[in-house]
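Look at Swiss-Prot and you will find Gly81, Asn112 tagged as anthranilate 1 binding site, backed by sequence analysis. If you look up Swiss-Prot, you'll see Gly81, 84-85, Thr89, 91-94, 109-117, Ala121 marked as 5-phospho-alpha-D-ribose 1-diphosphate binding site. The annotation Mg(2+) 1 binding site is assigned in Swiss-Prot to Ser93, Glu227. What Swiss-Prot lists as anthranilate 2 binding site is Arg167. The annotation Mg(2+) 2 binding site is assigned in Swiss-Prot to Asp226, Glu227 on the grounds of sequence analysis.
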Amino acid sequence: MSDRLKPLIGTAATRPLSREEAEFAFECLFEGEATPAQMGGLLMALRTRGETVDEYAAAASVMRAKCHKVRAPHGAIDIVGTGGDGKGTLNISTATAFVVAGAGVPVAKHGNRNLSSKSGAADALTEMGLNVMIGPEQVEACLLEAGIGFMMAPMHHPAMRHVGPVRAELGTRTIFNILGPLTNPAGVKRQLTGAFSPDLIRPMAEVLSALGSEKAWLVHGGDGTDELAISAASKVAALEGGQIREFELHPEEAGLPVHPFEEIVGGTPAENAQAFRALLDGAPGAYRDAVLLNAAAALVVADRAAHLREGVEIATDSILSGAAKAKVALLARLTNAA
């Protein structure tokens, strides 16, 4: 331990840290050079004042540099949310990932176990028979053979072991709730990323731009979820060519009906997996339409679809043809053979 972080804790409470100061601070955290009290002090100073784009970018760049990296196919996309919306929906981004992969777009999905719901991405995949506790080489093999791979955050970010206990003790949101979607170990350049607050979508788009993303949609559902909503309009910050455009998106613009929010509320991992299997078998309803909407957006971001309605058509075919279901079965086989 050292006292190198101490001076920056007070500074962080009174003014934004420069990119260089923030990088230094997070180097201290990730190298285990700070005491738990110092870590907590810094995280809460940032939270209370409000983190800046430079601070997000600095933390993400240090975290990316220290992760166990994965080589992904060209054009791979990540489909992920911050979590923390407290809505407990069915696993929409997880199902979306398989639908998009079934449409021929490589998906390098970064995720974790449940943080804000009864069933996070890793919980749902485990229930579906996948082994999520695999390392970078096995994930790369999955991406090459199946066109989809799941990167379990703790398997790829060992530096987080220093911070994890402090986060658990604080029991409140910190900058790390935002960093997951910004620190994909495959370094993908395209993202469909959900945020738990509409106030985060533009800053997160700015961070992804600073970190080299080519095209990304940052979204927040009007129902309060960290994905495109099927029950209301959603806010979008679309990054492309270094420019950010903000707009609202309604399900009907994609040719999809509006459904009551209650129809996509999830349950236990087993219950969510049952709904996921029904969706893969073609069961219609709010869950499928929510996945189709998010998959359509991901296909637009990946340049697989020119517009949302075309994306819905491609995503529907991925489900009804059995392609999405086949991706789940193949990934289950590959991960359990690893």
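Cβ coordinates are placed from backbone N, Cα and C, and glycine is handled just like the others.
Fair warning: this is a prediction, and the values are worked out from it, not measured in the lab.
Rounded to a whole value, the Cα-Cα separation of Ser93 (5-phospho-alpha-D-ribose 1-diphosphate binding site) and Asp226 (Mg(2+) 2 binding site) is 9 Å.
Residues near Asn112 (anthranilate 1 binding site) in space but far in sequence (CB under 8 A, at least 6 apart, same chain), listed by position: Gly83, Gly120, Ala121, Ala122, Met152, Ala153, Pro154, Gly180. Here the binding-site residues are His110, Arg167, and the one whose Cβ sees the fewest other Cβ atoms within 10 Å is Arg167. Nearest Cα neighbour of His110 (5-phospho-alpha-D-ribose 1-diphosphate binding site) among the listed binding-site residues (Gly81, Arg167, Asp226, Glu227): Gly81. In the three-state DSSP classification, Ser93 (5-phospho-alpha-D-ribose 1-diphosphate binding site) falls within a helix.
Calculated from their C-alpha atoms, the gap between Thr89 (5-phospho-alpha-D-ribose 1-diphosphate binding site) and Arg167 (anthranilate 2 binding site) amounts to 24 Å. According to DSSP, His110 (5-phospho-alpha-D-ribose 1-diphosphate binding site) is assigned to a strand segment. Of all the Cβ atoms in the protein chains shown, 27 others lie within 10 Å of the Cβ of Asp226 (Mg(2+) 2 binding site).
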